[in-house]
Amino acid sequence: MSSPIWHPFTQHALQPHMTPIARAEGAHLFTDEGRRIIDAISSWWVVTHGHCHPHLIEAAHQQAGKLDQVIFAGHTHEPAEKLAAALVEMTPQGLDKVFFSDSGSTAVEVALKMALGYWHHLGEGKRNRIIVMEHSYHGDTVGTMSVGERGTFNKPYASLLFDVDTIPFPKPGHEHDTVAALERILIDHPNQIAALIVEPLVLGAGGMLMYSAEVLRDLKQLCERDDVVFIADEVMTGWGRTGTLFACEQAGIAPDILCTSKGLTGGFLPLAATLCQTRFYDAHFSEDRSKMFFHSSSYTANPIACAVGFANTELWRAEPVQERVDTLAAHQAAHLQNLKGHSGFENLRQCGTISALDVKVSDQGYLSNIAPKLYQHFQGLGVLLRPLGNTIYVLPPYCISADDLNAVYDAIADAPNVLKL
Ligand SMILES: *Cc1c(COP(=O)(O)O)cnc(C)c1O
């Protein structure tokens, strides 16, 4: 009796069995048989406050009985208006226009189209190149794959991907190379670069690679100097993950365009927003219908998702969420400190609530055989961790208890011995 479902990022030939989850609460998932699993990766980086937060449930419940869905062209509704106003207030200065969509990938596609549309309508259509950072991940649609790392993930589709200019990842000690590379590209392609897109401070799917706020600030400064649109993909880093509400805050910068999704509804429902400065909106504002922003998803600004998104902003204001973030960050630091002498690990790193370390093995990279073995080891101990190749990372909901986090790190510390690595 096999299921008709084709699962995402799953090699069914190697992983025929899917764990059936019946319910979730806080930092825990519960299987059909009632087995408890600690969700140490926030169900793919989306859940911030914990699963099934009562305030988010209540918001969804209330809204579902009032207005389920409405076309968002030519119409608006209170949940979207309230959420948009809250987003403008909570995000860095100058991001005064909000475009809703339904996933991180779409939020990035929208950002790229905003930047290109902006230059086009300003009569600078030659500004159409995008600069990206090595090892970046911005989604799995064709446009977002184009601005992401090329490799195994997208080899079959290489012919569909557009050309970009790539700056190296700012490895510790080599930060200057990254900034210099950007400067070089800007010199070599005067008035041809539309935008730079980056994941601020942490490259998630690229292996939880971390870099300093200074580099981020330097990149922003160069973009400003040459009028290059600076797009911050905060789909993963937003909503407290890196220790501040948005990662850009740590560099003291305000991006020209910002993408948010994963934690936007606290991880409750799919929703995304691309925030931009008014000049992007103004460039499309015209009595000429051909200049309108040609983009929509059917479920753009779904009222229930927006109501939950707004409830999420209420939680950030009403509950001590920042304190939980700080506490989790401190616990993560202490656990990493404990693992420092462990011979099985290297490159221990942390940014806010996110910790990561590399298992020392000869066989590295995403397709390394180590990842599925580690995954099974953790599953057996009731811990959901999903290593990226030989990189183990812990990215839990902010409500995770000290005991649960201990259990997660016990499982990590034991892995090299148990698996005889
Ligand atoms: C997850 C992610 C995306 C894509 O979001 P989806 O909702 O999966 O489409 C884009 N950018 C970053 C940085 C991400 O981590």
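For all residues, glycine too, the Cβ spot is worked out from N, Cα and C.
So that you can see what the record holds, here are the features copied from TrEMBL:
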type	residues	note
BINDING	Trp44, Tyr137, Lys262, Ser296, Arg386	substrate binding site
BINDING	Gly104, Ser105, Asp233, Ser297, Ser298	pyridoxal 5'-phosphate binding site
MOD_RES	Lys262	N6-(pyridoxal phosphate)lysine
Cα-Cα distance linking Arg386 (substrate binding site) and Asp233 (pyridoxal 5'-phosphate binding site), given in Å to the nearest integer: 22
Work through the binding-site residues one by one (Trp44, Tyr137) and point out the residue whose CB has the fewest other CB atoms within 10 angstroms. Trp44
If you count other C-beta atoms within 10 angstroms, which of the binding-site residues Lys262, Arg386 is the most crowded? Lys262
Measuring Cα to Cα, how many angstrom lie between Gly104 (pyridoxal 5'-phosphate binding site) and Lys262 (substrate binding site)? 7
Which ones in the same chain are close to Ser297 (pyridoxal 5'-phosphate binding site), with CB under 8 Å and 6+ residues apart in sequence? Ser101, Asp102, Thr106
Tell me which residues of the chain lie with their Cβ under 8 angstroms from that of Ser298 (pyridoxal 5'-phosphate binding site), as long as they are six or more apart in sequence? none
For Ser105 (pyridoxal 5'-phosphate binding site), which residues in the same chain are close in space, meaning a Cβ under 8 Å from its Cβ, but six or more apart along the sequence? His138, Gly139, Asp140, Thr141, Thr144
Within the set Gly104, Ser296, Ser297, which binding-site residues show a CB-to-ligand 1 distance under 6 A? Gly104
Return the count of C-beta atoms lying within 10 angstroms of the C-beta of Asp233 (pyridoxal 5'-phosphate binding site), excluding that atom itself. 33
Note: in the chain of Ser296 (substrate binding site), residues six or more apart in sequence with C-beta under 8 angstroms of its C-beta are Phe72, Ala73
Surrounding CB atoms that lie within 10 Å of the CB of Gly104 (pyridoxal 5'-phosphate binding site), all protein chains: 28
Tell me whether Lys262 (substrate binding site) sits in a helix, a strand or coil according to DSSP. helix
Pyridoxal 5'-phosphate site residues Gly104, Ser105, Asp233, Ser297, Ser298: biggest Cα-Cα distance, Å? 23
